[in-house]
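Report on the structure given below.
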Amino acid sequence: MEAAGAGAAAPGGAAGLLLRLRDKLLTWQILKTVALGQMLSLFICGTAVTSQYLAEQYEVNTPMLQSFTNYCLLLLVYTTMLALRTDNESFLQILKRRWWKYILLGLADVEANYMIVKAYQYTTLTSVQLLDCFGIPVLMALSWFILRARYRLIHFIAVAVCLLGVGTMVGADILAGRQEGEGSNVVIGDVLVLLGASLYAISNVSEEYIVKNLSRVEFLGMVGLFGTIISALQLAIVEYRDIARIQWNWKIALLFMAFALCMFGLYSFMPVVIKVTSATSVNLGILTADLYSLFFGLFLFCYKFSGLYILSFIVIMVGFVLYCSTSTWTAETVSTSLPQPASTGLDNLGLKLEEDDQEPPAASVQVTQEENGVVNSS
């Protein structure tokens with residue numbers, strides 16, 4: 001009788017474990033985070049498809065001109081909003097205090113966009129997809145030292161799962177014949193990808209710090225201002241011949257407009273997502289952008305389909321959900337020279353809010369599970 005009772009209890013225990021996993025991994029906050037990440041992927045997909053259509057159908061390869069249109073939109077919208085602010089932190093005060101920092105940020109952002117696109121002329125699609133993932137460990141390292149983010153083992157496992165999904169996607173590309181040749185100079189192309197991925201990491205970490213401690217409008221307004229200036233100078237130097245050869249018609253103009261709107265949507269919406277998650281989780285979520293581009297390419301560019309693409313999408317999403325399921329923590333230090341973070345320093349703010357509902361009122365020492373206490377400055 002006891003053996004029978006034990007046997008009957010086993011399925012219940014397994015069912016209870018599944019319920020606990022479901023409650024941990026399928027919360028409203030995680031589902032919302034996944035949805036927001038996929039919305040960003042769709043914006044990136046739009047920029048990739050329009051760029052490829054311009055290159056293949058009309059032989060237009062002007063990445064700097066395309067980026068310039070996006071920075072102009074940011075300038076018109078967010079820099080204007082910043083200039084019209086009437087609070088203590090006015091546009092002129094921001095320029096006076098942090099102008100050189102935003103010049104460096106604008107330079108990193110502009111060159112990251114340019115280098116990744118330029119790399120396609122030298123190396124293969126496979127190399128770009130693989131080496132572009134180099135930005136994720138760089139981003140985590142920068143977050144560790146600059147944002148003082150601290151990760152748990154599950155976060156490293158989740159990143160490894162996501163990168164496994166990217167490897168599966170690259171394998172599907174090879175089987176489907178999408179390597180796109182060997183490139184004219186693979187070494188130059190690979191170096192450009194690594195530099196571009198590193199600059200993206202610098203830009204994303206800076207973006208996370210600014211939107212969580214200062215404001216989203218300040219970030220977008222300053223990037224719009226200095227990005228417009230830097231990209232205008234660069235396209236006048238390196239792309240003026242390519243621009244002069246464009247045979248303008250309404251279709252090309254429409255593709256440029258579609259690219260600019262997708263990029264503007266990406267830049268406008270990404271700070272909102274970073275505000276409630278983190279730069280690292282956002283970069284994991286947008287790994288699916290290449291898959292969305294592939295699905296559009298099945299109809300527009302006659303790509304071959306492979307079941308491995310579906311598998312890679314599932315693997316990436318599993319890794320992304322695992323990453324979001326557990327919050328990181330921040331090693332806080334008391335400092336009067338730097339502005340203190342306005343956020344909790346957690347990758348998933350929604351999860352932290354749920355935890356706060358069950359915690360006692362704020363005390364001077366904050367303790368998290370399996371971690372050391374950290375002393376707040378308040």
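Each residue, glycine too, has its Cβ placed from N, Cα and C.
Listed in TrEMBL:
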- 365-378: compositional bias 'Polar residues' (COMPBIAS)
- 356-378: region 'Disordered' (REGION)
- 30-55: transmembrane segment (TRANSMEM)
- 67-84: transmembrane segment (TRANSMEM)
- 129-147: transmembrane segment (TRANSMEM)
- 153-176: transmembrane segment (TRANSMEM)
- 183-202: transmembrane segment (TRANSMEM)
- 222-240: transmembrane segment (TRANSMEM)
- 252-270: transmembrane segment (TRANSMEM)
- 282-301: transmembrane segment (TRANSMEM)
- 308-329: transmembrane segment (TRANSMEM)
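Taking residue pairs at least 6 apart in sequence, the transmembrane segment (67-84) and the transmembrane segment (282-301) share fewer than three C-beta contacts under 8 angstroms.
Away from its own ends, the transmembrane segment (129-147) comes close to residues 116, 159, 162-163, 166-167, 169-170, 173, 190, 193-194, 196-198, 200-202, 204-205, 208-209, 278-280, 283-284, 287, 290, 330, 345 of its chain (Cβ-Cβ under 8 Å, at least six residues beyond either end).
Recorded stretches compared: 30-55, 67-84, 153-176, 222-240, 308-329; the one with the most Cβ pairs under 8 Å to the transmembrane segment (252-270) is 30-55.
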